[in-house]
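Engineer: Take this structure first; my questions come after.
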């Protein structure tokens, strides 16, 4: 079954890390204009190795310190310090994560409040516009009716004036006739 990637196939033939690096450098030299990939590794917290289940270097109470005891003590101290550093780093990471979550929730809550306030303001303006449009449309209908009524009233008033004028003109004529 043939393999698809010749680069991986070539890298599998490398017998040591030196050969692998040499092959990759030769490949980069062949194509100088192509940018070289620089891998970046994110620093990860690795838990320390768990302590052994069976400890062989147990010093009895009557035994004196031998020449190797210092090195054993130093290694045990280093392992314990690494374990404590790991615990502290994990605690710090958790604290930072908690602080980030609190800040994020606070920002989201503030944004939600602002959005709700703006939404309410928008709805209020929208309802006012709807009421105003409704009022204007009803006032236009009423104004049409009012204009009709005003025309009728003005006609009635003008008719009354004409009648009064006619009456007032007729009264002096009657008065003149009476005299």
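Think of each number as a place in line: the chain as shown, counted from 1.
Backbone N, Cα and C atoms are what each Cβ position is placed from, and that goes for glycine too.
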Engineer: Among 30-53, 54-77, indicate the range for which TrEMBL gives the feature region 'Disordered'.
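Structural biologist: Region 'Disordered', as annotated by TrEMBL, spans 30-53.
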Engineer: Please list the DSSP helix, strand and coil residue counts for the compositional bias 'Basic and acidic residues' (91-115).
Structural biologist: 25 helix, 0 strand, 0 coil
Engineer: Please count the residues of the compositional bias 'Basic residues' (116-134) that DSSP assigns to helix (H, G, I), strand (E, B) and coil.
Structural biologist: 19 helix, 0 strand, 0 coil
